[in-house]
Amino acid sequence: MERGNQTGVGNFLLLGFTEELDLQPFFFGLFLSMYLVMFTGNLLIILAICSDSHLHTPMYFFLANLSSADICFTSTTVPKMLLNIQTQSKTITYAGCLSQIFFFIVFGCLDNLLLTVMAYDRFVAICHPLHYTVIMNPQLCGLLVLGSWCISVTGSLLETLTLLRLSFCTNMEIPHFFCDLPEVLKLACSDILINNIVVYFVTIVLGVFPLSGTLFSYSEIFSSILRISSARGKYKAFSTCGSHLLVVSLFYGTGLGVYLSSAVTSFSKMSLMASVMYTIVTPMLNPFIYSLRNRDMKGALGRLLSRVVPFSIRSLMSSWGHNNEDEKS
């Protein structure tokens, strides 16, 4: 293949899901609907937590940050995909592709680290309940979130900046709906050994270590739950972490499925669908998982909506009254 230099890199082509024009409106409507549900659901979670003083606890503080990260994570890829479908264009600029890779890794790593922090919070709450308020103080909670941000940005910078040294071939087609780092590296004509080393290093530090921390926290949680004598006590203890455990399973299950399958086989439609689960479906489901079985969250959402909906109705009636007065005058 013909080589290009770094400064002369043109646009990449995101091949997306299908070449058939008849299916484009279907995919546009489907992913627009999923994106709006994801955005609205996570935004409601954030607003409910911020507006209800009963939810100003470490667990809900971390949940609000997770919802913010989910919104940003999905917004990194889906709006561009929807724009490409609507305009019948598959192009993304070199700078746009690097930016998408950077923010995708930042918010993906942030999701990962926040899930680990939330697992630690549940570990302290169940295994050390008498010391919970002392250990999970506001200063520590703020440091854990700030540290997650700093580590995520640092890891993303390492992976993104090493791309700047690469030259790319004339074939700039990415068989994906966003600039996925492994797929972009396959298009490089120059040596990618350093890039692969950085990717493996960041994956171990920001993937394997947090996962190990989450698994350790839950192993201690299950050990503590099994030592509880009453069935009611076991159920109550497990219900406090059941939602988080389901979210963790979805996040790691879909994420590991994507990258393990792509490492074993060439990119396929199945791995593309798994990427949709990882980048869109899981963030969309998180608000439902955390709210449906949580009385405090359902109560806060109900109070929030009871304030918002009457206000909207009053505003609409007031606007309608002003219009009628203008027509009479």
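Backbone N, Cα and C atoms are what each Cβ position is placed from, and that goes for glycine too.
Pulled from TrEMBL:
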type	residues	note
DOMAIN	41-290	domain 'G-protein coupled receptors family 1 profile'
TRANSMEM	26-47	transmembrane segment
TRANSMEM	59-78	transmembrane segment
TRANSMEM	98-120	transmembrane segment
TRANSMEM	140-158	transmembrane segment
TRANSMEM	197-216	transmembrane segment
TRANSMEM	237-260	transmembrane segment
TRANSMEM	272-292	transmembrane segment
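Model confidence over the domain 'G-protein coupled receptors family 1 profile' (41-290) is summarised by a mean pLDDT of 88. The transmembrane segment (26-47) makes no contact with the transmembrane segment (98-120), as judged by fewer than three Cβ pairs under 8 Å among residues 6 or more apart in sequence. Residues 108, 111-112, 115, 118-119, 122, 125-126, 182, 211, 214, 218, 221, 224-225, 228, 271, 274-275, 277-278, 281-282, 285-286, 289-290, 293-294 of the same chain lie 6 or more positions beyond the ends of the transmembrane segment (237-260) yet place their CB under 8 Å from a CB of it. Proximity of distant same-chain residues to the transmembrane segment (98-120), defined by a Cβ-Cβ separation under 8 Å and at least 6 residues beyond the stretch ends, is recorded for 59, 62-63, 65-66, 69-70, 72-73, 76-77, 80, 92, 144-145, 147-149, 151-153, 155-157, 159-160, 163-164, 178-181, 184, 202, 206-207, 210-211, 213-214, 217-218, 241, 244, 247-248, 251, 255.
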